[in-house]
Amino acid sequence: MAAERGAGQQQSQEMMEVDRRVESEESGDEEGKKHSSGIVADLSEQSLKDGEERGEEDPEEEHELPVDMETINLDRDAEDVDLNHYRIGKIEGFEVLKKVKTLCLRQNLIKCIENLEELQSLRELDLYDNQIKKIENLEALTELEILDISFNLLRNIEGVDKLTRLKKLFLVNNKISKIENLSNLHQLQMLELGSNRIRAIENIDTLTNLESLFLGKNKITKLQNLDALTNLTVLSMQSNRLTKIEGLQNLVNLRELYLSHNGIEVIEGLENNNKLTMLDIASNRIKKIENISHLTELQEFWMNDNLLESWSDLDELKGARSLETVYLERNPLQKDPQYRRKVMLALPSVRQIDATFVRF
């Protein structure tokens with residue numbers, strides 16, 4: 001399973017890779033808990049609590065004393081075990097959980113993944129917000145479908161090659177610099193790598209079942225190596241170092257594209273993405289709405305914080321009969337005293353302009 005756009009889309013965006021986290025659910029919002037679909041976020045998102053890069057150690061956590069595991073009573077017959085924020089410092093004593101399918105250990109003091117080999121029925125493992133530096137000792141968990149090790153201290157993607165049934169992988173807000181060691185995850189549908197240190201999109205050619213890819217808040221300079229991901233419906237690349245929209249020609253099923261907070265100057269390269277319902281190009285350097293008249297299924301268009309000056313550019317959106325939400329604030333044309341009225345006249349289907357609903 002697993003980003004806010006209220007007054008100001010920036011807030012929304014950060015929720016997405018996360019919100020998307022919602023979709024991805026898992027990406028942001030405190031990240032909420034991913035397991036949804038939507039709205040990754042940064043979400044996402046989600047809203048992602050996609051936030052600051054975390055230091056090697058949190059001084060407060062270092063002084064927090066781990067709980068004595070003998071004081072925790074585990075139900076041997078439980079299928080869902082939630083030990084969120086229990087101050088667990090070491091994974092031990094869980095071998096009695098022969099029937100467990102979901103194990104939540106988020107927000108604890110765990111430094112090492114260990115002693116889980118007996119939990120062979122496990123489908124979901126949540127280690128979000130701990131102090132883990134390495135992905136290891138998961139080889140026996142061959143039934144695992146969801147793995148979340150977001151908000152830890154990981155530097156490498158490793159130790160997941162035997163998890164061939166994995167469908168959702170969340171590694172948000174770590175210190176990962178390279179996408180690697182994922183080639184065996186043929187069933188993966190959602191991959192969340194927001195808020196890391198990744199510089200290139202690479203080594204994902206075999207992930208042909210991937211539906212959602214979240215790479216917001218990294219250091220990526222080019223959209224590339226996406227040709228094999230023909231099932232992708234959500235792509236989030238917010239807050240990177242992109243200057244050009246390219247490499248999307250094979251993503252014919254793409255429905256949501258998030259490219260805000262980059263250095264893009266021209267809307268282009270979307271000729272084959274006819275199914276887009278959401279296009280986020282906010283906070284770039286774009287002067288003109290162009291090359292999107294064929295996107296007739298658009299429902300949301302976010303282009304606030306750019307350099308748009310001409311009202312005639314809105315004609316590019318007239319073919320999108322289902323367009324309901326547009327964000328155009330903090331563009332030069334917003335200075336027009338008749339700004340909202342002109343948007344409504346140009347795009348009569350719109351029900352929300354920026355953060356405000358249209359009143360009739």
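These residue numbers are counts, starting from 1, taken along the chain as shown.
Yeah, the Cβs are placed from backbone N, Cα and C, and that goes for glycine too.
Swiss-Prot marks one residue of Ser44, Ser195, Ser212, Ser312 with the annotation phosphoserine, and that residue is Ser44. Of the residues Ser236, Ser283, Ser322, Swiss-Prot records the annotation phosphoserine for Ser322.
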